[in-house]
Amino acid sequence: MKMDARPPVLAVDRLSVEVGRRDVCRALDFTVQPGDTLVILGRNGAGKTTLLHTLAGLRDVLRGAVLLSGQPYAAWPRGHEACLRGLLAQSQPDFFSATVLETALVGRHPYLGRWDWEGPEDEAIALAALATMGLESFAERQVPTLSGGERQRLAIAALLVQQPRLYLLDEPLAHLDLHHEITVLDHFRDLAARGAGVVMVLHDINLAARYASHVLLLDGEGGHVIGPAAEVLTAERLSAAFGHPLRAVVDGNSTLFVPV
Amino acid sequence: MAHGHVAKLGATSSIRLVRRRAGLVLAGLVLATLAAFAWSLSAGSLPVSFDDLITALSGGEGGMEVDIIRGLRLPRAVAAFACGGLLALAGALMQVLLRNPLADPYVLGISGGAAVGALGAILAGAASGWIDAGAFIGALGATLLVFGLAHGDGSWTQTRLLLTGVIVAAGCGAAVALMLSLAPEGRVKGMLFWLMGDASGATRPWPALALLVVGLLLAMPFARELNLLARGEVTARSLGVRVGRLRGLVYGLGSLLTAIAVTTVGSVGFVGLIVPHLVRLLIGNDQRLLLPAATLAGGVLLCAADTAARTVVAPIQLPVGVLTALIGVPVFLFLLARHPR
């Protein structure tokens, strides 16, 4: 193991999370080091979003600890945590119109003082992120005129504008076509290779197998399995977790999981 | 590469254009404010000269014209402007707080509570000072009631707050209808004028104007956080906004602004709903530009509407609330049709 003076991007210590009276996970331990990509898998209602929001510091930690870059959220100066971790939330309806560029610039908020306005550097960062998501020609469009997939790419662009160390992604592939699924996952793999940490909720097991360094599998009843992707992703475990039989199909170097 | 470069240049100039346009709109609103005051001070049954206006505003001595301008028309114009601004600012804040384009300053029952207080005072035969006091107490009472009920278990959802407000407003409406039906003939007209909104009795406009300035100065430092709140709670919190504190501030400030406005001129409708949308259609939804622009536009609209209300069919005075609806609705529909978004 390489010695690194910097603390892990995210450290979770004996974390228990509940929704209502139901357990999402009990005594969960893991760390996300720079370069890691952790994929969270689990059936509908297993609490993946709740867990992700807890990791993002949006929910109180009742038992255990969540350390962002070595410190609990409460220890960071208010607002600074948004420079360290970004959350891609599940899409929400827009009630007011805004342009694509304005929406992407939202990601600059943590870096601006109370009276600051976005300057040319902020704009350059936003336009670069829009270009990464293939939206460079959309900058002046009104958001309600975009398709669902375009809005999802815009939300990802706004997250990239935030430039955090830790990316928490809740179903980043929602509404995306095949080409953009791969583009988005490739981009986050590049970010991880450059030192970021990525935690994402996915529903596609085969994409998880292709991109994850680690996998957290929630069984929906409070139990979990976590470890290197190749160890966690077995047909037996996946079948149990999703409540549907799966079969592993070996194709050259990769293993595909198909529902029976 | 060349394509990306062109898009970048175009977009860069676009955000500058938006701000330049907002600057022009703000400058235009300042001019419109001056024009509205000039009209309001000079229009009426007694014609006044430009010299009279200057004398009245500079504090010099003059004839009856100067006294009328300074003693009657100026307080009324200031009251109308201040209350229009208060209602538009409160409406813009409530629309963000509730993330609902149909929200207005009255949606949480504030005007209903004020109406119960004011009409109760009129029914009891109270003097005008007590009517104002009744309206203010009623407005604050309704605010606290809605806040308390919606926060019963400490959670906060927009839907719950909205529904509580709507129900409290409905209850106040029933109480108002009851008082109207019980009131003696001679007091019903005064009650109806109060309900529709009327600036003729506004003799002490300066608290409203002072609160307008203070309210805008309090809201502006939070304008960019309000932009995030309008995009949803999770987004705002994940970007570091203290959502609970911000909502408390917006709710308290919006309620206070509205309470002072209805206390001063009664429950004038449409200004708080329509002005923020109208300004949004012109300059977009950046609260840093929207809040000051909506404040000025609301003031101009109500000041002009009040002047029209007392001059169009003089010597009969119309309730200004009727005029704001008659002016606001077609203008709004026209702008909406021109900007299909």
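In case you wondered, yes, glycine gets a Cβ from its N, Cα and C as well.
The transmembrane segment annotation in TrEMBL covers B:21-41 (among others).
Positions annotated as transmembrane segment by TrEMBL: B:77-98 (among others).
Long-range Cβ contacts of the transmembrane segment (B:105-124) within its own chain (Cβ-Cβ under 8 Å, at least 6 residues beyond either end) map to 87, 90-91, 94, 98, 130-143, 145-146, 161-162, 164-166, 168-173, 175-176, 179-180, 182-183, 187, 190-191, 194-195, 254-255, 257-259, 261-263, 266-267, 269, 272. Residues or ranges marked as transmembrane segment in TrEMBL: B:105-124 (among others).
If you look up TrEMBL, you'll see B:130-149 (among others) marked as transmembrane segment.
The list of residues near the transmembrane segment (B:161-184) in space but at least 6 beyond its ends in sequence, with Cβ under 8 angstroms from a Cβ of it, reads 98, 100, 103, 106-109, 111-113, 115-116, 119-120, 122-123, 142, 145-146, 149-150, 191-192, 195. Positions annotated as transmembrane segment by TrEMBL: B:161-184 (among others).
Annotation source TrEMBL lists transmembrane segment at B:204-223 (among others).
Taken from TrEMBL, the feature transmembrane segment applies to B:249-275 (among others).
Positions annotated as transmembrane segment by TrEMBL: B:316-337 (among others). Packing against the transmembrane segment (B:316-337) from elsewhere in the chain are residues 80, 192-193, 196-200, 265-271, 274-275, 277-278, 281-282, 301-302, 304-306, 308-310: each is 6 or more residues past its ends and has a CB under 8 Å from a CB in it.
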With a Cβ cut-off under 8 Å, give me the same-chain residues at least six positions beyond the ends of the transmembrane segment (B:77-98) that come close to it.
33, 36-37, 40-41, 104-105, 107-108, 158, 161-162, 199, 202, 205-206, 208-209, 211-212, 215-216, 219, 226, 229-230, 247, 250-251, 253-255, 257-258, 260-261, 264-265, 268, 271-273, 275-276, 279, 287, 290-291, 294-303, 305-307, 320
Can you tell me which parts of the same chain pack against the transmembrane segment (B:21-41), counting only residues 6+ beyond its ends and a CB-CB cutoff under 8 A?
48, 53, 56, 69, 73-74, 76-77, 80-81, 279, 282-284, 286, 289, 292-293, 296-297, 299-300, 303-304, 306-307
Spatial neighbours of the transmembrane segment (B:204-223) far in sequence, C-beta under 8 Å, 6+ residues away:
75-76, 78-79, 81-83, 85-86, 89, 93, 246, 249-250, 253, 256-257, 260-261, 264, 286-288, 291-292, 295, 299
